[in-house]
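Engineer: My questions all concern the structure below.
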Amino acid sequence: MADEIAKAQVARPGGDTIFGKIIRKEIPAKIIFEDDQCLAFHDISPQAPTHFLVIPKKHISQISAAEDADESLLGHLMIVGKKCAADLGLKKGYRMVVNEGSDGGQSVYHVHLHVLGGRQMNWPPG
């Protein structure tokens, strides 16, 4: 977890990201779901027994940069996350998280929804 915080402290918006490369299939990912709006794939550094990301194909650097026109797309990410969680057998529950900015732990500046499950989540999360 400390590595992710360190990455977030130096990450900055702008330019291409690893997620853009995954969307364009330039680098491999364990894809769970894909449609014309988004892509869901397993996290390469899982923080729970099940940990996947749902990302929009449209580049939005962070939630604070989202526009009103992105409302439907952002809602779609949550619905896809819910469906993928069900497909992966997360019957007892799961957590959805979006990190915003360096203090929020955002290490990749392309909006992404984390879905974590397969164990009891702790509270508070931070």
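The backbone N, Cα and C atoms fix where each Cβ goes, and this holds for glycine too.
Straight out of Swiss-Prot:
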- HIS112: active site, tele-AMP-histidine intermediate (ACT_SITE)
- ASP43, ILE44, ASN99, GLY105, GLN106, SER107, HIS112, LEU113, HIS114: AMP binding site (BINDING)
- 18-126: domain 'HIT' (DOMAIN)
- ALA2: N-acetylalanine (MOD_RES)
- LYS21: N6-acetyllysine (MOD_RES)
- LYS30: N6-acetyllysine (MOD_RES)
- SER45: phosphoserine (MOD_RES)
- SER72: phosphoserine (MOD_RES)
- 110-114: motif 'Histidine triad motif' (MOTIF)
Engineer: Could you tell me what the rest of the chain brings near the motif 'Histidine triad motif' (110-114), counting residues at least six beyond its ends with Cβ under 8 Å?
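Structural biologist: Hits for the motif 'Histidine triad motif' (110-114): 17, 19-20, 43, 47, 51-56, 59-63, 66, 74, 77-78, 81, 95-99.
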Engineer: So which one is it: of the recorded positions LYS21, LYS30, HIS112, which has the fewest other Cβ atoms within 10 Å?
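Structural biologist: Across LYS21, LYS30, HIS112, these recorded positions, the one with fewest Cβ atoms within 10 Å is LYS30.
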Engineer: Run through the domain 'HIT' (18-126) and tell me, per DSSP, how many residues are helix, strand and coil.
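Structural biologist: Helix (H, G, I), strand (E, B), coil: 29 helix, 25 strand, 55 coil.
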Engineer: Check the recorded positions SER72, GLN106 for other C-beta atoms within 10 angstroms of each C-beta and report the one with the most.
Structural biologist: GLN106
Engineer: If you average the pLDDT over the domain 'HIT' (18-126), what number do you get?
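Structural biologist: The predicted confidence over the domain 'HIT' (18-126), as a mean pLDDT, is 97.
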Engineer: If the AMP binders are ASP43, ILE44, ASN99, GLY105, GLN106, SER107, HIS112, LEU113, HIS114 per the record, what's the largest distance between their Cα atoms, in Å?
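Structural biologist: Taking every pair among ASP43, ILE44, ASN99, GLY105, GLN106, SER107, HIS112, LEU113, HIS114, the longest Cα gap is 17 Å.
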Engineer: Closest of the recorded positions to GLN106 (AMP binding site), Cα to Cα, picking from LYS21, SER45, HIS112?
Structural biologist: HIS112
Engineer: If we count other C-beta atoms within 10 Å, could you say which of the recorded positions ASP43, SER45, HIS114 has the fewest?
Structural biologist: SER45
Engineer: Would you kindly give the Cα-Cα distance separating LYS30 (N6-acetyllysine) and LYS21 (N6-acetyllysine), rounded to the nearest Å?
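Structural biologist: One finds 13 Å between the Cα atoms of these residues.
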Engineer: Checking the contact step here: among the recorded positions LYS30, ASP43, SER45, SER72, ASN99, which have a Cα within 10 Å of the Cα of HIS112 (active site, tele-AMP-histidine intermediate)?
Structural biologist: ASN99
Engineer: Roughly how many Å separate the Cα of HIS114 (AMP binding site) from that of SER72 (phosphoserine), to the nearest whole number?
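Structural biologist: The separation of the Cα atoms works out to 18 Å.
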